[in-house]
Amino acid sequence: MHKTEKSHETLALRLSSILCLLNESESISRQALAQEFNVSDRTLYRDLHERLAGVVEHIGEGRYRLTTPYRGRLSTQDLQRFAQFMGLDGLFPKQDKSFLLALLDTLTSSSYLIKGGHYEKLPRPDLVNHLDPLIQNNKRCCFEYKGKQRKVEPYRVVNNCGIWYLAATENQVLKAFNLSRISLFYALEETFVPEQAIQKRIEKEDGIWFSEKKTEVIVNVNANIAYYFKRRDLLPYQEIVKECSDGGLILSSQISHVNQILPLIRYWLPNINIITPEWLGIQLKQELQAYLSASCT
């Protein structure tokens, strides 16, 4: 794990834990929190006075509590999602008091969704500032994308593996549009009725390939890298089919597009190979042969 990614996860865990403790207690001291998380008083001060400003209040003598609107009403899921957002420093167009309060108030219908990976700052914060109210108020928008004029119904701004996308329906088809490639954007006053089924697909999908048709891929993973696949899912919709006697693994993955899995398999070569479907294994070999041929010329 990269140092930056690890620091993001540590911060997110600490923030969610602080909120959990405050949600369960009348108040708690900054000194106790510093001891609990083994961090400096200065770090805790920044957590409480900057990162959690407007959500946590200082009541004197180094003690803190949740502000009145949030005492006792935050669920575990709310806290986890809140920490996920606030652990991503610099990703969002604003992280002031009004943003934090709006985020907590709209967690169940947030405009933003993070899908793991390494994070980058928003390439178009101005665009996201326009998209956010459209998503919240279910309004359509238009823009140019890949040389074509698009009219879409925006659902979510999604960060997938470090790249920002707009998840939106175009002609009733759910698609992902790379934010950095959107131009000539303008909002419409037309409204639409969001579909719960589409919301669930966006949240459930392991990535930004929103096709409903899935292909099962079975791979064999050698013992010397099996640990990484057992520690966490590295393939889309990964499932362990079998743990082999030599320490290797047989894994199942569900994909909507070959680009979801081929780059991952290439990364782990030669310690992974495709069992089925046969055509995917052939495609991988052809791509590798083409690369080697080009390298030799």
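Just so you know, glycine gets a Cβ as well, placed from its N, Cα and C.
In TrEMBL this protein carries:
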{"type": "DOMAIN", "residues": "14-49", "note": "domain 'Helix-turn-helix type 11'"}
{"type": "DOMAIN", "residues": "135-183", "note": "domain 'WYL'"}
{"type": "DOMAIN", "residues": "214-292", "note": "domain 'WCX'"}
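Summarised by DSSP class, the composition of the domain 'WYL' (135-183) is 5 helix, 35 strand, 9 coil. The residues of the domain 'WCX' (214-292), classed with DSSP into helix (H, G, I), strand (E, B) and coil, number 34 helix, 24 strand, 21 coil.
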